[in-house]
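Asker: The following block contains the structure, expressed as structure tokens.
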Amino acid sequence: MDGEMTASPPDISACDTSAVDEQTGQSGQSQAPIPKDIAYHTLTKALLFPDIDQYQHWHHVAPMLAKMLVDGKYSIHQQYEYLCLFAQLVAPVLGPYPSPGRDVYRCTLGGNMTVELSQNFQRSGSTTRIAFEPVRYQASVGHDRFNRTSVNAFFSQLQLLVKSVNIELHHLLSEHLTLTAKDERNLNEEQLTKYLTNFQVKTQYVVALDLRKTGIVAKEYFFPGIKCAATGQTGSNACFGAIRAVDKDGHLDSLCQLIEAHFQQSKIDAAFLCCDLVDPAHTRFKVYIADPLVTLARAEEHWTLGGRLTDEDTAVGLEIIRGLWSELGIIQGPLEPSAMMEKGLLPIMLNYEMKAGQRLPKPKLYMPLTGIPETKIARIMTAFFQRHDMPEQAEVFMENLQAYYEGKNLEEATRYQAWLSFAYTKEKGPYLSIYYFWPE
């Protein structure tokens, strides 16, 4: 589209609950309530977008992002900083905006987009996070069929603004976990067509930004499915092989062996790998699994690595999981692919965190929430926050959720809060995150 665009679409409301003075930077004398997403509305008056896709991504994501920043008690300055960063760095790499009948590159973040918002809750407060797959239109028209190039273009921009980002691990791990240009050249057209057809979602990279009050922490997720199909490896061989390739001194080998033994025993394969984009010596590696057998017994088995983790944190965390699982009424049973596609149900997921100097892997469980009414989830979360010394979160959780999905019936909706992740340490207590899906 030739013209540049600004201003809010006519259906965007400005009537959310008011923000406190220090969050908005505005006088408390105003008679009209100040909308939570005032920073979004203000920036919209000054932002020009080069195409309609960036314009649509901004107006789709920024209102909810702005509200989350207010709810997380970010200063007014950081609210504008992080919203501007989204507009200038992230929106340009979200690709063609998906709409009915438009045949564009597909990712499943947030349910149907290339971007997902989430919130982390601890006793110290909440943190807003954004995850996305960098993509450009070339992935939709066949020039970059496996979307290999967009992530590098994004990192070149991110490093200009976020000096703490170190992409050494991106280069080292990409070789082992993603389809490289050399791999693609070595495949004939028949093989390429097969992979393009068999993999409805071709995601190989996802970038996540923790928008902390102390600054941004960047993480990268590597999805080795296409690489494994081309090379004949298992996901576990690819992920643990990649870790060992960069862990030259073997600091993580005993942790890897512990996790690998459980994977072999439980007949589960690694799904993807995550690392912090920092100095490789200080990064955390997280190996993920996704299990369609959604039962508490299976979750317990994975949480304890088949009984291999017997420390106090694991035991206390397991008791909390049992309570949450029962209260939430997690929809159980083996999930067939049709149930995931047609009913939108999700598997259980876990990750196992490893870091040099760490004695044991740290498990984190992702409980699938789709199919459960949003208000029920919110009531359970409110009660949980009250029990675990998070009174501020308990007071506002339900109200905040309704603000994120303004005008939606949360008594009937069952697909907005998609995942609840949980980890536990005695030092910090419960560590929970909610991952949000976009309305259809």
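Any Cβ shown, glycine's included, is placed from N, Cα and C.
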Asker: Where Swiss-Prot shows Arg129, Lys219, Tyr221, Lys286, Tyr288, Tyr431, Tyr435 binding dimethylallyl diphosphate, which of Tyr40, Tyr55, Tyr366 is named for the same site?
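Answerer: Dimethylallyl diphosphate site check in Swiss-Prot: besides Arg129, Lys219, Tyr221, Lys286, Tyr288, Tyr431, Tyr435, the record includes Tyr366 out of Tyr40, Tyr55, Tyr366.
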Asker: Let's check the environment of Tyr221 (dimethylallyl diphosphate binding site): how many other CB atoms sit within 10 Å of its CB?
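Answerer: I count 20 other Cβ atoms within 10 Å of it.
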Asker: Can you tell which of the binding-site residues Thr108, Glu116, Phe223 lies nearest to Tyr435 (dimethylallyl diphosphate binding site) in space, using Cα positions?
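Answerer: Comparing Cα positions, the candidate nearest Tyr435 (dimethylallyl diphosphate binding site) turns out to be Glu116.
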Asker: Taking the mean position of the Cβ atoms of Thr108, Glu116, Phe223 as the substrate site, which residues outside that list, in the same chain, have a Cβ no more than 8 Å away, listed in sequence order?
Answerer: Cys107, Leu109, Ala131, Glu133, Val201, Thr203, Val206
Asker: Please report how many Å separate the Cα atom of Tyr366 (dimethylallyl diphosphate binding site) from that of Glu116 (substrate binding site), as a whole number.
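Answerer: Approximately 16 Å lies between the Cα of Tyr366 (dimethylallyl diphosphate binding site) and that of Glu116 (substrate binding site).
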Asker: Provide, as an integer number of angstrom, the distance between the C-alpha atoms of Lys219 (dimethylallyl diphosphate binding site) and Glu116 (substrate binding site).
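Answerer: Pair distance, Cα basis, whole Å: 14 Å.
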Asker: Which of the binding-site residues Arg129, Tyr221, Lys286, Tyr288, Tyr431 has its Cα closest in space to the Cα of Thr108 (substrate binding site)?
Answerer: Tyr221
Asker: Over all pairs in Thr108, Glu116, Phe223, the listed substrate binding residues, work out the largest Cα-Cα distance in Å.
Answerer: 17
